[in-house]
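Colleague: Below: one structure in structure tokens.
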Amino acid sequence: DRYFFICSFMVAAPIFGYLGDRFNRKIILSCGIFFWSAVTLSSSFITKEYYWLFVLSRGLVGIGESSYSSISPTIIGDLFTNNSRTMMLSVFYLAIPLGSGLGYILGSSAKEAAGDWHWALRVSPVLGMTAGTLILFFVPEPKRGHADQLGGRIKHRTSWLCDMKALAKNRSYVFSSLASAAVSFATGAFGMWIPLYLFRAQVVQKTAEACTKDICSSKDSLIFGAITCVTGLLGVVIGAATTRLCRQKTERADPLVCAVSMLGSAIFVCLIFVVAKKSIIGAYVCIFIGETLLFLNWAITADILMYVVIPTRRATAVAFQGFTSHLLGDAGSPYLIGLISDALQKSYTRSVLWQFLSLGYALMLCPFVIVLGGMFFLATALFFLDDRDKAEKQ
């Protein structure tokens, strides 16, 4: 269902981007959240005889997610500007790791309390519908460009084709979107394969036994999930604070902070595969630092987009940035890593050590992609001021 979720997200995001630039955003946003909540709730009542329908419903959750991920940042961009906008975007992106962690805790608690895993899917929709209702009645719908004092000067909207041509010519937008795809590539591969890699490392160290059952211990998945939640929170906070500080020194602070954090992350990601064979704790420390640096650019990337894209095409820009991130990133990275690992295993003996090493060699592709993402952010820094000035003049 993960791949169907990504596919539904990629299909729906451009549609919501188009609507978000032309119609009432909070109504579209609320409808997307209500749809997500309804699909999630209904999926909890599907019996195992209709497993295909369950997979379909879980995939459709991507439609709801594409609505608020495409539209919410643009509302924030029209309510705040400069450092206050960076801070508010950071608060918004804090919800990703925080919500993931709380969702897991809440879902697990509901499952244990009811003695039925279906109840894990019945709690979050209530919260979703509550959030949708609050947005509908209490969130203001600012004029596009309001915070930039352009609200009264925007008299007409360009066509979708014109918007796409302008975005394709916007070098800062294109390079930052490619860099965002590099982050997505790495996080998608890590989420799928790092827990298994660490488990195989423990088997090599003889601190765990090889699993021959269909369902194996999920300890490493839980630890990795907890680390991802914490590093997501830390990364967003540190990123916002660092950018505010660096803006006092240079106007190119946003893309430069992202570039340095990506290049620093690549170093610690490489170290994971160096130390994992000897020390699992050392590997977790490297994962913690590497992911913190990787997640540093979440809110900053969104802020770069707000600077270089005019208000009337921001929803389209956010939507296609998300589309690109999934298409070039986590839509294919887990499969590609698995493919490389399997090819390496077949080329040599099938020992426990080689299973561990082959997956590590395959995952070594990730730091190279992260470095490439850092290069894309450096390219963004080259064109950032020109593209920002062009957006302000338009």
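Even glycines carry a Cβ here, placed using N, Cα and C.
Heads up, TrEMBL stuff is auto-annotated, nobody curated it.
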Colleague: With the ranges 3-23, 87-107 to choose from, which does TrEMBL describe as transmembrane segment?
Modeller: 87-107
Colleague: Could you please provide the mean pLDDT value for the domain 'Major facilitator superfamily (MFS) profile' (1-390)?
Modeller: 85
Colleague: What parts of the chain pack near the transmembrane segment (173-194), using Cβ distances under 8 Å and only residues at least 6 beyond its ends?
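Modeller: Residues 167, 224, 228, 255, 258, 262, 269, 272, 287, 291, 294, 297, 301, 304-305, 308-309, 317, 320-321, 324-331, 333-334, 336-338, 341, 359, 362-363, 365-366, 369-370, 372-374, 376-377, 379-380, 383, 387 contact the transmembrane segment (173-194) from elsewhere in the chain.
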